[in-house]
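Enquirer: Sharing a structure, written as structure tokens. Questions coming.
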Amino acid sequence: MTNELITASAADLAARLAAREISSAELTQACLDRTAAVDGVVHSYLHVDAEGALAAARAIDERRAAGESLPTLAGVPIAVKDVMTTKGLPTTCGSKILEGWIPPYDSTVVTRLKAAGMPILGKTNLDEFAMGSSTEHSAYGPSRNPWDLDRIPGGSGGGSSSVIASFQAPLATGTDTGGSIRQPAAVTGTVGTKPTYGGVSRYGLVALASSLDQAGPCARTVLDTALLHEVMAGHDPMDSTSIDAPVPAVVEAARRADVSGMKIGIIRELTGDGFQAGVQQRFDEAVQHLVDAGAEVVEVSCPSFTYALAAYYLILPSEASSNLAKFDAMRYGMRVAPQGIDDPSAEQVMAATRDAGFGDEVKRRIILGTYALSSGYYDAYYGSAQKVRRLIADDFTRSFEAADVLVSPTAPTTAFAFGDKIDDPMAMYLNDIATIPANLAGVPGMSLPSGLAPEDGLPVGFQILAPAMQDQRLYAVGAALEARLLSAWGAPLLHSAPDLTAAGKGA
Amino acid sequence: MSQATAEATLPFEEALAAYDPVLGLEVHVELGTNTKMFCGCATAFGAEPNSQVCPVCLGLPGALPVVNEKGVESAIRIGLALNCEIASWCRFARKNYFYPDMPKNFQTSQYDEPIAFNGHLDVELADGSTYRVEIERAHMEEDTGKSLHVGGSTGRIHGATHSLVDYNRAGIPLIEIVTKPMTGAGERAPEIAKAYVATLRDLLKALAVSDVKMEQGSMRCDVNLSLMPKDSTTFGIRSETKNVNSLRSVERAVRYEIGRHAAILSSGGKVTQETRHWHEDTGITTAGREKSDAEDYRYFPEPDLVPVAPSTEMVEALRATLPEPPAARRKRLQSAWGYSDLEMRDVVNAGLVDLIDETVTAGATPAGARKWWSGEIARRANDAGSDVPTYAASLAVTPAHVVELESLVTGGRLNDAMARQVWDGVLAGEGTPTAVADARGLELVQDTGALQAAVDKVIAANPDVAQKVRDGKVQAAGALIGQVMKEMKGQADAAAARQLILDTLVG
Ligand SMILES: [Zn+2]
């Protein structure tokens, strides 16, 4: 009974909840039981709120019993990335510096989840302040990839990807600054979307890089991702950069799953050299599936993408260095007294706290950003990076004249092993080479599984990119591909993942 | 009390004989909007500490700013009133530095894209001449919180055991108005500085964008000053004297700094580029933070806000709301009131234009309004180190009081001497003119029986004088009038007494 509930899709669960075949309380309890069984080894969660989730589930059950008409996903539980504020629940951003902080307010995304009647199971792990591609930079220890516990679940949103891939939750929220939704989805065989910049409110999302950050949905199917996307998205007057326009019809597109007549653009710069053979192979097969479904394939060139990584690693640290300045021990979070100073000044307390509270990767980027913004260097670094950003946006504009969507592998490789890139930040940064351009240009992107790489049996991600505010195209293409792959595989990819309860018992 | 000791200064005339001052003024004005610049918090002055705060102005993780439209409108109106160009597109910028009263450790300000730039303000000086102050820019920013240093003797951070921070002020909209360097002012530099701030204050008051209360900090002035040798055109090193918060202090601070710089330069020294603290009590400045070129605020465009792009229509609509410029208004009022140039200048210098305008509007004669607001009350205000409007407000003495007093005279109840006594009573807080007159029993005696008795008594006592009058020497009646008035204890109408004497003696 339990297994069947936790592996079902959110769309299926929503239908059964609406038909009163199951209750939200039993579904939520099934998720919590699964967490009790497997999260000891997977470590997706930084905080589980069993009591709060069950109370919310019972409340929804009561409302449904009273005959109230409820939103589609009412009663379907969800896990929230620990970078979004939750009133009354800890929000650490994976950092020691925020240990024990209980936000007094909900992020807009969380407000919308609550309004949609979705019980919040807990807060998922991430690289500290979302800086990383592996969760190895979480101050609370890494999450593990359900496909291979010695490998990374992607980052920064490795908690959210692994929580879905290990069937602890049908849905999770993510945030994507340079690939933090898409790359974890790719390496765990799940689906994730970074919406158009401004499509989902950033209010209450602890900022990494304000001009790049975008919250989005994580799920196991394209339709589930669309259903959650619809709940999260929409204009928010609390976020000036939020787009005041109707949410693209993502659910409708996912249900129609129609690519006939669409032009699919393969990005020349994001294939071939530098991509693992099995990754490239599964990508090519996926493209063939789309052609079989009636799409036309064209090749496009985005020459400025070569400079995307360099620009990204100037813009992100610059904005981050300023965004993270507020963590100063004065008002909330950690406070450390400097050693050997009798009567420390506020500035000395700030320095000691930031020294103790931030991890190495965060410090690395703060230093980088502080340097890049310094007078005398600003034009050469931040200024040039902004120019590259415009060129990348131009590349997209030109490519979208030739194609309706662009496609590439989501990441150059399958999941790497823990420790592989911890001492080589450049290698880790390169993992985001295919995902970063979308953030720099503000366009939407999705990753969905395209199979397992023959050489290592690990999931491969297929990335779809669309023009700004055309998020529905991701879902049309994603759902069409998913349907073909599913009939080819005979069962969802995740059904072939290892049995974690056995691993849990062994651990 | 300030413990600082004064540095050497050169006498003013001596300093001006050798050097030309270059003056620059930076004025911060708190806008009188109901809500803060980037959140919905109230802005009332004097509220309970930290009672007007929210996640945004406390800089809590995840919170985002939203621009206050009223703040932008006020900024544009100020820019237009200062004859500035208005930017058709401009951005906010982050000014990064760590300070406990700054919740985000950056101030949201404007950097190289101010909303208003290249303007001027004509300032009338005491001798009737006009000096044009060139305005470099007026930009929008947010105020910081307020630190209260506890435990030290000076109220400054030095020696304090701890500090308290009130964030009610954090996020209140500020407009910073910066002049271009003013040259050629010579010995008039202190006067020009004061007149500029006074003129600016009147202008902002007329715009109704701020309550411009220097004593409450809603208008704050920084004085930048340097000297250059008479034959030079190269600016010297400047000092920035912070928080010079009264008109009188602006004049004094300029004068003091001219003397201090001159003493340093004439003895072959070098002026230190630094901020200076102004000491109201002793009239001197003392060294503050040393400013070096290394001070680097790492400005960059605020990514959490969208650009401000006022349309031409919007700017023109705001231009149409501008009040009559103070100088034009003064000319109009002078002519309407029939004041001489000298009278008008006195009224302007005493800051009485608004008060007289209100009083005349309320029904008083222009001559009466000028007389009552510039007599005794001006002496008292001066003794209290205040100006008439502020002093009158503190006494709750209003234009209505002047109107009432004047009507008591024109209605025949009081003569001029009695009216002065009544005004004294009003200023002493004894109530309205009528109430004072009643309480003090002041009333012209209209009863001709009593007056006739006094006249008869005085004639009987002065037969010689009476005979002269009978003989036709009418001017001799004056001596009798005085005695009649004395007999009536002043409560008689002198004209009536004269008539009665003549009637009695001559028939
Ligand atoms: Zn606020």
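Cβ coordinates come from backbone N, Cα and C, glycine included.
Look at TrEMBL and you will find A:K81, A:S156 tagged as active site, charge relay system. What TrEMBL records for A:S180 is active site, acyl-ester intermediate. Per TrEMBL, the feature domain 'Amidase' maps to A:26-474. Residues annotated as region 'Disordered' in TrEMBL: A:134-156.
How buried are the listed features, and what sits near them?
Expert: A:K81 (active site, charge relay system) falls within a strand segment according to DSSP. Within the same chain, residues at least six positions away from A:K81 (active site, charge relay system) with a Cβ under 8 Å of its Cβ are A:K123, A:T124, A:L126, A:G157, A:G159, A:S160, A:A172, A:T173, A:G174, A:T175.
In the shown protein chains, 34 other C-beta atoms lie within 10 A of the C-beta of A:S156 (active site, charge relay system). In this structure, A:S156 (active site, charge relay system) belongs to neither helix nor strand by DSSP; it is coil.
A:S180 (active site, acyl-ester intermediate) falls within neither a helix nor a strand when secondary structure is assigned with DSSP, and so counts as coil.
Note on the region 'Disordered' (A:134-156): residues 41-44, 46, 83, 92, 94-96, 99, 124-128, 162, 165-166, 175, 177, 180, 183-189, 359-362, 411, 415-419, 421-422, 428, 457-459, 497-498, 500, 503 of its chain, located 6 or more positions outside it, place their CB under 8 angstroms from a CB of the stretch.
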Enquirer: When C-beta separations to chain B are restricted to under 8 angstroms, which of the active-site residues A:K81, A:S156, A:S180 qualify?
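Expert: Answer, by Cβ distance to chain B: none.
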Enquirer: How many whole Å apart are the CA atoms of A:S180 (active site, acyl-ester intermediate) and A:S156 (active site, charge relay system)?
Expert: 5
Enquirer: Measure the Cβ-based neighbour count of A:S180 (active site, acyl-ester intermediate), defined as the other Cβ atoms within 10 Å of its Cβ.
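Expert: For A:S180 (active site, acyl-ester intermediate), the count of other Cβ atoms within 10 Å is 35.
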